Amino acid sequence: MLHAVTDSSASGPADGQAGAPKFRRVLLKVSGEALMGSQNYGIDIDTADRIAREVAAAVKGGTEMCLVIGGGNIFRGLSGAAKGMDRAAADYMGMLATVMNALAMQTALERIGVQTRVQSAIPMTTVCEPYIRRRATRHMEKGRVVIFAAGTGNPFFTTDTAAALRAAEMGCDALLKGTQVDGVYSDDPRTNPDAERFDQLDYLDVLTRDLRVMDASAVTLMRENAIPIVVFDIHKTNGLARVLAGEGKCTMIGKMKSDAAAV
């Protein structure tokens, strides 16, 4: 049974603290845009360092962590294709952007003493390991953070789908999606103040209402493997720790109702 994450503003530990982790192993999906901070392009080192500290605290608390980072802060394949580029070539460029972000996050984590491995779906052994599932699992069992780069290694698949695939392969208890807002809304709350916010959603509700928190293939893969998706604000201080402890403001997506009721 899936339990909702509750808002810690009502009860729980004091500010700046969080309870014991509720998940043994999780995949954290971070958008490339999240790494920009207040910049319009590229990687903001202060933002990468802050996210690294959150991940380090989670590992220290006993949670096994793996990450998938998008590449939209550097290059987005769909945008390139929309401007006339060959879609496959544009997607490969986007995959290379995720490798750059993964290396930046690895550097941020290792700078604070967290052993980290980058595994790429596109082999580039000079800079990182190739993706090998059993090796990635062993890394996490030894307390290392694993960052999966280059998406699925195939064009026409998003990094959301790559995150869902890796979460299923790694046997993760949840996929945590760190975004720019504190959950799933009916519309972009930054442009529509009347957008409805959801605390809980069924997988099928996300698909039938076209809420676009993740692409349909990613949500379907999570549904088929019964892995909950937790959407939270990656920029909120201690946001990751609170979500891992079953607290904090977020949206939980999972098996909330029967398939017949969800349609």
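Indices start at 1 and increase along the chain as displayed.
Backbone N, Cα and C define each Cβ position, glycine as well.
Keep in mind the model is a prediction, meaning the values are calculated, not measured.
Cross-referencing Gly71, Gly143, Gly171, Gly178 with the UMP binding residues that Swiss-Prot gives (Asp91, Thr152, Gly153, Asn154, Pro155, Phe156, Phe157, Thr158, Thr159) picks out Gly71. Residue pair Thr158 (UMP binding site) / Gly72 (ATP binding site) shows a Cα separation of 11 Å.
The local packing around Thr152 (UMP binding site), expressed as other Cβ atoms within 10 Å of its Cβ over all shown chains, amounts to 20. Residue pairs drawn from Gly71, Asp91, Thr152, Gly153, Asn154, Pro155, Phe156, Phe157, Thr158, Thr159, the listed UMP binders, are separated by up to 15 Å at the Cα level. All protein chains shown were included, and the count of other CB atoms within 10 Å of the CB of Thr179 (ATP binding site) stands at 20.
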